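Here Swiss-Prot flags ASP434 as active site, proton acceptor. Annotation source Swiss-Prot lists Mg(2+) binding site at GLU261, GLU291, ASP434, citing sequence analysis. What Swiss-Prot lists as domain 'ADPK' is 1-450, and the listing cites sequence analysis.
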Amino acid sequence: MSVPQDVSIFTAYNANVDAITKLNGETIQKLINEFGEKEIAERIEEYPREIREPIDFVARLIHALRLGKPTAVPLVDESLNSWFDEKFEYELERLGGQAGIIANVLAGLGIKKVIAYTPFLPKRLADLFKEGVLYPTVENGELKLKPIREAYRDEDPLKINRIFEFRKGTKFKFLGESVEVPASGRFIVSARFESISKIETKEELRPFLDDIGKEVDGAIFSGYQGLRLKYSDGKDANYYLRRAKEDIISLKEEDVKVHVELASIQDRKLRKKVITNILPIADSVGIDEAEIAQLLSVLGYRDLADRIFTYNRLEDSILGGMIILDELNFEILQVHTIYYLMYITHRDNPLSEEELMKSLEFGTTLAAARASLGDINRPEDYEIGLKVPFNERSEYVKLRFEEAKTKLRMREYKVVVIPTRLVPNPVLTVGLGDTISAGAFITYVNYLKRH
């Protein structure tokens, strides 16, 4: 399949600086020795859900390393920025945040037009976007699309997320035993300060969203996990979600297909607000299997959610996906997991199952190329992904899917499941789910244009 270059996409809202540190056994051991095994073990028991002091970070990190499990924990105390900057050296800074990552991947692919919007654009962030990415501004009462690197505002706040990458096989001692990290992954300390948590389109740009809609075929929205329930100025999540809905509606009035890339939302109340406000007006929604369970739990399907959390069976995920699609009534659900990708849509979707399959294959191939190279800089880079084999559980995935078809009533749906291409030693792991979603969505939109 070739790169669908005749597609134009708008992405919003979240982009940030990712500062990356590669962890080794020595660094981990130093942290354990500094904070004390007993104190760390006690804090692991308490299981802090956010980082308010350094030991919260160390406890959650050690817990994640023992399980070999990718984890993200919000940092809520802005004053800890200096502690992290003094304690760790960053190997590199790159663009993070779903909207930012997706904009750069699509610009690298050379699609027709990429417009990225984030409410905060300090220079340090703007410089990390690729050439070719445009930013919407208003000049003399008109919409002007400027190269994003030139559109920065010095006074804007900076969001920096710290990513601690760990490798399978890294060893350290904890509580008298030798621990070997069972799988590679990353531990993300995500900045969640109030100054950067107002997810919105700024007032002066809002009247021009329909003009942006005329420029693009599709829009990818993300970043709602950064919202707060309450703000010190009296506003709340409902205020920002109302505005976010208006943004989506403005674009849909111009026949723009809207994809929402969901991310894990720790706060149950906020999760429910985002799910019930935003997802029903989207066309396409991208999630992973943990988020299937979170969605089902919000929608009242606790038993099925628990089954997915506990057993992680494909047939449960398919059943859960069909329920989500029906309850929230959007067009297509896209699920990305480490071993398989899945589309669930209603039977009347204009795309054939073969086209849906090709769309997912484009997504996993693009992600494999990015994992192999570390970045997508030109359309030909996509072809590197074609050399990456499908993962070792491919046959098992196919078998499980065939079994699920015999057990579930799927007549009213089109369900497509494909195995993922898995790079054994990835140069990069951050944002691969977003890359899959972006690749799948642009091919989906491209097929719809043909129909």
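Cβ atoms are placed via backbone N, Cα and C, with glycine included.
Small disclaimer: the values here were computed from a predicted structure and weren't measured.
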Least Cβ-crowded entry, counting other Cβ within 10 Å, from the binding-site residues listed as GLU261, GLU291: GLU291
DSSP three-state assignment (helix, strand or coil) for GLU291 (Mg(2+) binding site): helix
Around the Cβ of ASP434 (active site, proton acceptor), the count of other Cβ atoms that are within 10 Å: 26
Inter-residue Cα distance where the pair is GLU291 (Mg(2+) binding site) and ASP434 (active site, proton acceptor), in Å: 14
Environment of GLU261, GLU291, ASP434, the listed Mg(2+) site - residues of the same chain whose CB lies within 8 A of the CB centroid: GLN98, SER222, LEU262, ALA263, GLY286, ILE287, ASP288, HIS336, GLY433, SER437
Reduced DSSP assignment, GLU261 (Mg(2+) binding site): strand
